[in-house]
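Lifted from TrEMBL, the feature list:
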- 12-28: compositional bias 'Basic and acidic residues' (COMPBIAS)
- 39-49: compositional bias 'Basic and acidic residues' (COMPBIAS)
- 553-575: compositional bias 'Basic and acidic residues' (COMPBIAS)
- 576-594: compositional bias 'Basic residues' (COMPBIAS)
- 43-108: domain 'K Homology' (DOMAIN)
- 122-196: domain 'K Homology' (DOMAIN)
- 222-288: domain 'K Homology' (DOMAIN)
- 299-380: domain 'K Homology' (DOMAIN)
- 400-463: domain 'K Homology' (DOMAIN)
- 477-552: domain 'K Homology' (DOMAIN)
- 1-49: region 'Disordered' (REGION)
- 553-611: region 'Disordered' (REGION)
Amino acid sequence: MNSGVRAISGNLRDRSRSRDGNRKDSRSPSRSRSRSRNKKPEDHGVDTMKITDDDAAFILGKGGRTKEKISKVSGAEIELFERDLILEIRGPKLNRRRAKKYCKGVMDQRTGPVNVTQDDDDDDLTMINVPQEAVGFVTGRAGNFLRTIEEEWNTLMFFCEVDGSRGRGKDYEKLAIFGTVRARRGAELKVLSAVETKVPGYFDKIRHEVVDRDKGKGEDGTWGTDTMTFQDDELSYALGKQGGTRKKLEKASGAVVQYVGQVALFSGEKHLRKKAKEYMKWLFDQLEGPVYVNGWEERDDCTVVDVPSECIGYVTGARRAALGNMEEEWGTLMFFMNKEAQNGGGKGARGGRGTSEQLAIFGARRARRGAELKIMSAVETKSPGVFTRGVREKFSSERGFATDRFVLKDDELSYALGKEGATRKKLELASGSILQYVGHVAFIAGDLKERKRCKQFIDWLLAQRRGSVTVSDVADREDCTEMHIPENCKGWVTGNRGSELRRVEQATGTFMFMALDRHGEERLLIFSANGGSKTADGGRMHAERLINEMVQEKLRGDSRGRSRSDSRRRGGGRRDSRRRSNSRRRSPSRRRDSRSRPGAMGWKGHLQQSQ
């Protein structure tokens, strides 16, 4: 997404637009330029739906979340023109068809049950029977449990009519699940797990139907489901605390892993199911003693780190807490391997000082690299020089995934790390790369664009210590939003020692700072690989909305003759006054591009009106 100069509108209510108006007002120029670069499919087009005012509220949902969800599940762009009550759907033909179907389902929920049949299947539908006595349990209070599953698996789910009728007289109700084959299976198994809790033995009746569903689908035609039956004590171990073990096996393998009663189900392409079952086997093998994976060098899902014996306790943590946190953060499976076990040597004894043990990390390439660098950082903290002695700077020209590294000075390291690592995490998230400090060496992992972006962010961050930073032009960047802040609002927006910008950064996963352009004019730059959306949290658009709110808060305060100290006294302090902004978030302000609309009202005009 390219950058665009944003002039913040004083009219906070203008989110309802007319299709007859200037389309440039309804979409940021960065989005339109980004789309023009991507070659659209031949069947790309636009469909429209006329809806009622009540339907519009249902389609939009709280904070626009329902519209956003329909767009994500269908793969189509959806624009709601509230003045004309017209829904505009853009994308390939199949995506548009799915989006219209989902919109109809959402609107039907307003007046009664949703009517879904197998004719509605565009290779995106799974239908399951839910016993009547489990319907309330599966739905949850005010539908919260279903909504949670929808968010986790990126699906849409409706209870629908069975044989033209719906109610307590039926033994079951039909639940329709829309999404990709993997998303549908994940949501389906989570529902069945809940049903089995409420109606034990129900899964046995439908087991073959569930296991055989979608067989042969997937990218390589090997989609399927394998099963494994547990004993009572085994199930609790395979599940882990709050389901943590199951989740890490699922993330590390890439397969869908779910437990329905005493049965473990592994769904996905054949190679993913194989990994998931191997990981499960190694998990239980550790109960008998040390595990060694033969041929790990040839595996494409394994990284091994040599950890000095004196650092093993530090890396592992009390009751494996530190290692477990890393597994959860990166979606990996990690355990120490002992080669003595390969030769039947039993548990053996850990080596003394000067020896090391192999820590195996299993998962996707990016996840393994992130976990590996975190382990290296921990070891380097405990035993300096293990991984950095003699290391030189290196910058790769590889376009794909690779790792760059460079050395930081003492004062640079503490500044780039931040309190409890907050600055490092911020730069990592905003750049889309993996950033880790191993001793005084910064490691940046990712593709070429991500690595360059992260290095540039670090350079700008360190330059701020010496004074104002000049970033001449960001017009051609896809990761930047440029905002011009009124002079009398700059202090309010930045906060004491940049505290308000840091707050917005943390909430949105962005990197922000005031910078001079080529003409010496100061403006706010918001950087992130995530462009965000008009309603969802995270990304540049979310940060822009929060900045808009702060500016409007300041302007309203000035028009009432209140000073900043008055605002603090009335709000119980600056931190508390920020909490009131939740009510204002209902109406995100309209974006306006001052470059493409030279006649648009600027800040001076707005200030004159507000006075």
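Cβ from N, Cα, C; glycine included.
Counted as Cβ pairs under 8 Å, contacts with the domain 'K Homology' (43-108) are highest for 477-552 among 222-288, 299-380, 400-463, 477-552. Across the domain 'K Homology' (122-196), DSSP helix (H, G, I), strand (E, B) and coil residues number 37 helix, 21 strand, 17 coil. Of the candidate ranges 122-196, 222-288, 477-552, 477-552 has the most C-beta pairs within less than 8 angstroms of the domain 'K Homology' (400-463). The domain 'K Homology' (222-288) scores a mean pLDDT of 95 in the predicted structure.
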